[in-house]
Amino acid sequence: MQDKCPFSPKSELARCWHLIKNHTHSNALKDMETPLRPSVSTSSSSPPHTPLSWEDICSPGAGSTSLEDWNPSCPHGGAEGSCGHTDYILVPDLLQINNSSCYWGVLNRFEAEELLEGKPEGTFLLRDSAQDEFLFSVSFRRYSRSLHARIEQNAKRFSFDVRDPCMYRDPSVTGLLRHYSDPATCLFFEPLLSRPLPRSFPFTLQHLSRAVICSCTTYQGIDCLPLPPQLRDYLRQIKPFQESSWLI
């Protein structure tokens, strides 16, 4: 059996390949450890070794790693929790964000400024951040001009500045937006988000379906969904963020 897996690392075939390889490798070690014995007659010989069946692969015994827990990236094929890796998780209120009229999806800062031009103080919209390390940004009107602020995440909380311990933090993006909606409590240097700018177009059914599915699973769980590879790739286009980088 070849040493390198010929299949895609995250595929079902790769998981089966690693299980079979480990099984055959352990049997080979047992054969090497068994001392040489004199030849015996055929009638007293032990029964031939039973080959590994598909049921053995799909239903491993106690202490074995199931297909659901198998992670080919681990050095010894252990479960994901047994080796060092990066956890990626999705936004907890992803469906609520997509249902919010102030969320415009993919929009750059110049398009946002054009939409906000001439709007009253406190008018704002939520959009996807153009930077990979951030998920969302808000564009808003304050002091008679359009301003922008990135939504950062740390310690499972969202904030406009995670490095400042005095800045408000919320476990959800929608909760963060609500906190800055009151002009009476919003400080002069904070984003004022009192007037949501309604989105002028509906999201596609494909976009909304992705939000519904991703709100019911984790980023790693996408690989376990009974969907064609093309659909799983589409679900993974939603930007996750690293849970391991959060400071608890």
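A Cβ is built for glycine as well, from the same backbone N, Cα and C atoms used for every other residue.
For reference, TrEMBL has these:
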COMPBIAS  35-53  compositional bias 'Low complexity'
DOMAIN    102-197  domain 'SH2'
DOMAIN    192-237  domain 'SOCS box'
REGION    28-55  region 'Disordered'
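The average pLDDT computed over the domain 'SOCS box' (192-237) stands at 93. Secondary structure of the domain 'SOCS box' (192-237) per DSSP, as helix, strand and coil residue counts: 22 helix, 2 strand, 22 coil.
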